Amino acid sequence: MAGKSPEEEHPVKTYGLAAHDSSGVLSPFKFSRRATLEDDVRFKVLYCGICHTDLHFAKNEWGISTYPLVPGHEIVGEVTEVGGKVTKVKVGDKVGVGCLVGPCRTCDNCRADLDNYCPKMVLTYASPNVDGTITYGGYSNEMVCNEHFIVRFPENLPLDGGAPLLCAGITVYSPMKYYGFAKPGSHIAVNGLGGLGHVAVKFAKAMGAKVTVISTSEGKKDDALNRLGADAFLLSSNPEALQAATGTFDGILNTISAKHAIIPLLGLLKSHGKLVLLGAPPEPLDLHSAPLLMGRKMVAGSSIGGLKETQEMLDFAGKHNITADIELISADNINTALERLAKGDVRYRFVLDVAKTLKAP
């Protein structure tokens, strides 16, 4: 017997914003999602954060995009329907979906709650799904996914400011917990004060760490110290300041995705210090062994987090009232926002107001 067609697999008509080629320009787009399965949650999308990854995918800058492409993996909304076996949430609950909608849940990583390192992971958009179709993201009026990949939003956490935590928040929270350097009595640095960096400062301070922001821009100093509550600011273009900070930090979260030198950062670490890379510059790193040998230092990496840890992160954010600093934008202004994002003209995250501004084509 022949399998179901894509139209039969995905009978629910919906709409969103899609890129159709590597220009990255988004336009209204009609498509379909699957019917609600017994372990699925369907929800109305209220807000969706705009991540720099969305821009990379829309423009096919990593060479793996498939079109049409509906971006968005910082998705929050209100549950409208649940399958008969769903126990995690109910209709009316506020929920979120981050970067993943389909790890295998059987491999060693999945069994260890490391869904984010599953070799068979299904991304929230532009990824082959188990039914052979391509996933579409949260720049759309509704979502449906297995309840395993749903996280619950704390009641006190604003949905718009909380949306970017589903990518930016877990991206900085996970390495702080795993590498153990954000805790009372520790001194960490956040290199780069953008979408990731500003959230990293908030989480690290809430964990009790002393925090220094490192930036190439003197203009970020006031925000770092007075808006975000960092303890110190280090201008990385000032050799004297860097020399004075030698051996200062237990750990450095390196949030920068552009090409930059990392060897000077290693000199800022204490012995046994850890430099954790969160950005992915397109060029290889220039790294020598000597700075690592002298002090038993480590260069490591981290990518988002598993579903269990993402829920833990949201609960922590709710307890400490942590949200991203956002600029809310309408669907009509999505391409302008992406252009500004490419230029770094955002303080600090764009969030798409889906429910109020996204109209059916």
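Just so it is clear, glycine is given a Cβ too, placed from its N, Cα and C backbone atoms.
Site annotation for NAD(+) in Swiss-Prot covers G192, L193, G194, G195, L196, G197, K221, L278, G279, A280, K356, and the matching candidate from T14, T36, T53 is T53. Classification of C110 (Zn(2+) 2 binding site) by DSSP places it within a helix.
Among the binding-site residues listed here, namely T53, C104, C107, C110, C118, T53 has its C-alpha nearest to that of L193 (NAD(+) binding site).
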